[in-house]
Amino acid sequence: MLSAAPTSRRVLPPTARSPDRGPAPAPEAIRTGGGSGRDAFFDNAKYLAIVLVAMGHSWEPLTGQSRTAGALYMTVYAFHMPAFIVISGYFSRGFDLRPDRLRRLVTGIVVPYVVFETAYTLFARRAVPDPDMPVSLLDPWYLTWFLAALFVWRLTTPLWRIVRWPVPPALAVAVLASVSPEIGHDLDMQRLLQFLPFFVLGLNLRPEHFALLRRRGVRIAAAPVFACALAVAYWAVPRMTATWFYHRESAQELGAPWWAGVVMTLALFGCSLVLVACFLAWVPARRTWFTVLGAGTLYGYLLHGFLTKGARFAGWFEDHPWLHSPPGEIVVSLTAAAVVTALCTPPVRRALRCVVEPRMAWAFRKEPAGR
């Protein structure tokens, strides 16, 4: 979700609710204890993923002077947004065009998108500074692209649910987008289309698929897989641009031949799925101290960008060269993790619920009795 490319105009699913909110419950292997109706496994996954998003954003200014930071950055970017999107798709399985679900789509995605797209634009006007930057809901800035994409993906859910084998067509759409520079950038359409297969895959997952990842053998195998991924990323840092992982542009816009878009889209889809599986294999299924924070990842996702971009615009990384040293990189990483953790806490949720998860009963017609 949640994440964001350095120059682009980026939701985690606000909740991981019980079956009355859509998807069926997870099997016992990944069910939470207690009566909260939430799933500890997915809350843990969302929290850990948002920490990686924040850390990845904080590493971006460090990648130019540190090959290690560049390798970590590339590895995390290979799977953190795909993980969020797969989980978002999983929890969209029950979405249809019922009035109550459409209301939640408006209050949980459309309203935060309008609020934060406006807020980020006003912030950028002063921080960049760019006083003439227009407020445009068709041109998502930084983090808000994911809200726009999730809105469209969810609206298309009924279509994908009736297709017998939906992932191959979705992957074909992503491949075609990667070789089509004429698509343009309204609603960050390249990302919307290139990340689509992960959402469609999530729509078709079942609880038992996640239970398979809890097997001991899978969890053990995840360690060497991540080690290999880091080694490959370290090798690739001076040889390849991380922009491929943003899925923000076509191959031609990146200065590559059209066929590179086909190859890279398919290769990155496969690599990302493997790393997402390894990441989820390591997510604890039991309740932990951070499980409660999983319900607030939308807040952490939307808010941490102000601090990340603020630090960049203020020139902190240029004014403090020691941040580019190994101890400095550790400090930056821990600070990012601590900040996004604080932004996911219940007090922040209570303070900002009116703009992130508003009820807005006044804005909707009452459903007829008996429906």
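Glycine too: its Cβ is placed from the backbone N, Cα and C atoms.
Those TrEMBL annotations? Automatic predictions, nothing curated.
The following features are taken from TrEMBL:
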- 40-342: domain 'Acyltransferase 3' (DOMAIN)
- 1-35: region 'Disordered' (REGION)
- 41-59: transmembrane segment (TRANSMEM)
- 71-92: transmembrane segment (TRANSMEM)
- 104-123: transmembrane segment (TRANSMEM)
- 135-153: transmembrane segment (TRANSMEM)
- 217-237: transmembrane segment (TRANSMEM)
- 257-282: transmembrane segment (TRANSMEM)
- 289-307: transmembrane segment (TRANSMEM)
- 327-345: transmembrane segment (TRANSMEM)
### Task
Count, for each of 104-123, 135-153, 217-237, 257-282, the Cβ pairs lying under 8 Å from the transmembrane segment (41-59), and report the range with the highest count.
257-282
### Within-chain partners of the transmembrane segment (257-282) [C-beta distance under 8 Å, separation at least 6 from its ends]
45, 48-49, 75, 78-79, 82-83, 86, 171, 174-175, 178-179, 194, 197-198, 201, 210, 213-214, 218-219, 221-222, 225-226, 229, 244-245, 250-251
### Task
Would you mind listing the long-range same-chain contacts of the transmembrane segment (327-345), meaning Cβ under 8 Å and 6+ residues beyond its ends?
47, 50-51, 53-55, 57-59, 62, 66, 68-69, 290, 293-294, 296-297, 299-300, 303-304, 307-308, 320
### Query
So, do the transmembrane segment (289-307) and the transmembrane segment (71-92) meet, by the test of 3 or more Cβ pairs under 8 Å (sequence gap 6 or more)?
no
### Message
Counting only residues 6 or more past its boundaries, what in the same chain has a CB within less than 8 Å of a CB in the transmembrane segment (217-237)?
### Response
63, 67-68, 70-72, 74-75, 78, 271, 274-275, 277-279, 281-282
### Query
Where does the mean pLDDT land for the domain 'Acyltransferase 3' (40-342)?
95
